[in-house]
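Feature list (source: TrEMBL):
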| type | residues | note |
| --- | --- | --- |
| REGION | A:1-199 | region 'Disordered' |
| COMPBIAS | A:47-72 | compositional bias 'Basic and acidic residues' |
| COMPBIAS | A:104-130 | compositional bias 'Basic and acidic residues' |
| COMPBIAS | A:151-161 | compositional bias 'Basic and acidic residues' |
| COMPBIAS | A:170-190 | compositional bias 'Basic and acidic residues' |
| TRANSMEM | A:303-325 | transmembrane segment |
| TRANSMEM | A:346-368 | transmembrane segment |
| TRANSMEM | A:380-401 | transmembrane segment |
| TRANSMEM | A:472-496 | transmembrane segment |
| TRANSMEM | A:520-539 | transmembrane segment |
| TRANSMEM | A:551-571 | transmembrane segment |
| DOMAIN | A:621-736 | domain 'TMC' |
| TRANSMEM | A:691-709 | transmembrane segment |
| TRANSMEM | A:741-762 | transmembrane segment |
| TRANSMEM | A:801-822 | transmembrane segment |
| COILED | A:826-859 | coiled coil |
| REGION | A:863-923 | region 'Disordered' |
| COMPBIAS | A:871-905 | compositional bias 'Polar residues' |
| COMPBIAS | A:912-923 | compositional bias 'Polar residues' |
Amino acid sequence: MPRHKLIASESDGKDNEFSLYYVEVEENSQGGQEKQTTRDGKRRRERNGEVSRRRASEKRTTEVDTKRAEKKHEKRHKTARKEGEKHEKRQRRKNADEEEAEEESNKEKKNIKNERTKTLRRDDEKEKDVKKKRKKHVKNEEDNANSGKTKQKDCHDMPLKEKKKKRKKPETTSESESKSESDSAPESKDNQAVGVLGSLTPEELEKLKEAVDERKKLIATMRGKPWPMKKKLVVLRSSCVLQRQETLLIISFLYYSNCQKWMKFQRDFENFKTACIPWEMKIKEIESHFGSSVASYFIFLRWMYGINMILFGLTFGLVMVPEALMGKPYGSIPRKTVPREEEASAMNFAILWDFGGYAKYSVLFYGYYNSQRAIGWLKFRLPLSYFLVGVGTVAYSYMVVIRTMARNANEEGGGDDTSFNFSWKTFTSWDYLIGNPETADNKFASITTSFKEAIVEEQESRKDDNIHLTRFLRVLANFLVLCCLAGSGYLIYFVVRRSQKFALLGLENYGWWERNEVNMVMSLLGMFCPMLFDVISTLENYHPRVALQWQLGRIFALFLGNLYTFIIALMDAIQLKRAEEEIVKKNMTIWQANLYNGTVPDNSTAPPITVHPADIPRGPCWETMVGQEFVRLIISDTMTTYITLLIGDFLRAVLVRFLNNCWCWDLEYGFPSYSEFDVSGNVLGLIFNQGMIWMGAFYAPCLPALNLLRLHVSMYLQCWAVMCCNVPQERVFKASGSNNFYMAMLLVILFLSTLPAIYTIVSIPPSFDCGPFSGKTRMFDVIQETLESDFPAWFGKMFSYASNPGLVLPFLLLLVLAIYYLQSTSKTYKRVNMELKKKLQTQNEENKKKNKLAALKAANELEQARKAGEQRSSSSQHTQNSEPPVSSTHTTTRPPASRGHTSSGHLPGHPQQPQKNSHSNRR
Amino acid sequence: MYGCFAPPYFPHTIIKQLHKGNLIANSCLSSLLRLFHRYRDLALQLVPMDYTNQPEVRLPYELIGSMPELKDNPFRQRIAEVFSEDGEGNMTLDDFLDMFSVLSEMAPQDLKAYYAFKIYDFNNDDFICKSDLEKTLNKLTCNELTEDEVRMVCEKVIDEADLDNDGRLSLEDFQHMIMRAPDFLRIKTI
């Protein structure tokens, strides 16, 4: 009696798509014996530990209902492959004769992972495990009834892993029950398909398993082969039996489909992540059209935006908002009120635009803050907070800049393998997932740009001119630049001195030029010197990236002069204001005395006279003045940038574009042309702007907010301007992987700009009647005050001990030593790293050479062998052309690719034409 | 040869039964069906539902190349040619399935590398020679590079990747090179 088992070969982890397999087995495997199979199907499923049977309610197709199927059984036995026997049942339909439906009987088998020790029990288990399932396509229940007595059953399954797992439980719990059930199943279940349990001996099971594995392997190997489907099927057919129903399934195994939802999710998630980075798409687009050097500016701008966001958060959250919410309201004390003489014009737009009037007496500037130690119901220590925020912004900036530099240096140190630079660019740069024309355009642009960058690199590395000439020219260029710098430095110094003299004598006596001399000289220098440097740098013949760095460094040095004049002017102004303050202080006492004397003479018990705060005389408050200066500077700088952008880039582009039609020469490629993006100028503008912020943020808490606004606008404006009115540079070069050069300049500026800020904080006494530190001799006294009144006594004592020079100096020494040690170790590591890299590179080259030599040798041998063969064949006609020795070495699973001149090469795609290929190789 | 797309079974009846029996676990099968439908949707009047008799249906390249997956690809013509049986981009269902199988993310690296080689080998001589490289470059950059630049890049590529010094890239050279490419490993598309 034939029994069929449905065998599910559990997939091994590697090949989990291949989880399904059909084998039909006959009990007592009698080869060639014909069997009857029924067409009824039955599926059994067990769920959650109970053996339950479910009937698969088959869909009946009207076609088939009417037919009596004629059955044909075929069994093929593959002894060589030890395959389980299969039954193929063919069904012939009456109205469509050729149509054959197949049914297979299958066995599902649990993969035998039980240990050998359980062999006895395994039989039982298998009886229960093995479920008969019948997959029926064209049957109805009547058919089932008719054919129910036949003991064949047809099984079809899709083994699910879960199913298998669930099936484990009943094995142990209800052994006998399930056994009896399964035994009685075939006959007792009348209309349903009959599940017959076969009992197999362990050897047979082993055999089956092997067979299944065999076929699995076959399909798996077939899968990896680069053959077209037809060929795969032909090969499969030749090695094992394929049935029609199987074919579909096997094709689905042979294919790699994109059905992995997880992968798609990952991809979407990546997209989402990039979408979350602000302006990433804009920057990428610019990078693809203008190269990485322009993009590096925008990345720097974005980084700066992040920093300013933090600074803004600090000043806004800890200084401005508490003061606005909890401090005394506007108009309560003199420093919070517009003075009487300014009241009339305080709301004028011109005044407000200049940050005078109401803007001056607001939370935006230093002078507005009260020196009250704690404000509001929170007892917020505003002066302390103000001081700490001022210090904190600078400290945070240092930390961030240095940390970023260190991280970038790490990334740089890694380096990438560039041995196949061009090949990879050629063959792997296209992203095959691109499915939208805009992205595709960008991709084309970026590939072109990257090729151009790489070509420039290559050209630079190939260039070997007269080294002496180059050196001479470089020295000359540097000399010229130094002369330029020295000259402009002296000019600045001279002009500043002169203007100081003028200021002492009173500006009113001089004309417009004398008053604006410094500014004019500075802007003229700033306009023409960079051009001069640019011209000079063409002498040097540097790599464009290095040239950009030199250019940046030189303009930076020039701008330092700018900074110098600004600070000098500021210091002078502060001195003037302080002198004025002394006078006001004197007048104040006189005014007070007059006030009391005039109204209530000699009566100290009378209530103090209330004077409106606007009428009280007040000092000039130099801190607010400094803050105002910085704010004005930032505003005017921003305006200049935007206006030059609009006129220099946009207007020019518009003119060039539209006048080109009616002009006598080609404007687009001729003289004015479109402008290029000026990376160095923009980067320096950004850096100096940030320096101003750091310098002035202590006296004008609104500065980070203003800067944030400016950066935000310029990000959009410049992105737009670049994309619409600029053309890419002629030589697009690759920016260095990190922005460390920019960072280094930023660090210098940070240092330079914190110096004056710290100087004013530490050494100039604060104004007597404005700001959070009024009434103290120095601004940092607020720390002392807090220590004394807010902390316990022992803490103050400890602090004073800790700040003892005897402790601080050794600590500093220790720090310096640690830094020295760490630096020297890192240097050593770097050197070792470089050496290793060099070694690796030389080895690679050696290998390459060796390979080439070997190939040459092989080719020679081949040539000789062929000659010898020809000679031999000419001497005796029977001798065959011997196979070249080299070709026999390849024993990979895939058909080996031809290597060089060897004639091994039947290529995987065309194994049937080795002859032709070998000819073409030799050609 | 194989009637896997026979009407009574395929797709409706079988699929319903598979679903009923919770047998659709094999998602590969369902994606195969999806592909069949995509193929059919390209030209409903040409492609029959019934594949029992293996009808000789070929979709012309114009239809294949207009699929969103290929539409923007500079190598779309080449891809279609490589995978089509007739070498001219006209695809049978088999070719179509082959193509999507190889382009899928699940396909192993060496299979992809092999087909990538075939795609870049424009003149079908089983070697990537300079003319192939020039074509590739011009397609990649939309002819934006000058001739000198193209020539230089070609020289560099051959210099880098040619291991046996015969002035052109064999499949083995190509595999050796491309298997180390970070983009190839990451993106996992050809």
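From the backbone N, Cα and C atoms, a Cβ is placed for every residue, glycine too.
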Which sequence-distant residues neighbour the transmembrane segment (A:303-325)? Criterion: at least 6 residues beyond either end, Cβ under 8 Å.
278, 363-364, 368-370, 375-376, 378, 380, 382, 385-386, 388-389, 392-393, 396-397, 400, 404, 686, 690, 693, 697, 701-702, 704-705, 707-708, 711-712, 715, 739
Contact between the transmembrane segment (A:472-496) and the transmembrane segment (A:346-368) is defined here as three or more C-beta pairs under 8 Å separated by at least 6 residues; is that satisfied?
no
With a Cβ cut-off under 8 Å, give me the same-chain residues at least six positions beyond the ends of the transmembrane segment (A:472-496) that come close to it.
517-518, 521-522, 525, 529, 532-533, 536-537, 539-542, 554, 557-558, 561-562, 564-565, 568-569
What stretch, picked from A:520-539, A:551-571, A:741-762, has the most CB pairs under 8 A with the transmembrane segment (A:380-401)?
A:741-762
Under DSSP, the domain 'TMC' (A:621-736) has how many residues in helix, strand and coil?
82 helix, 4 strand, 30 coil
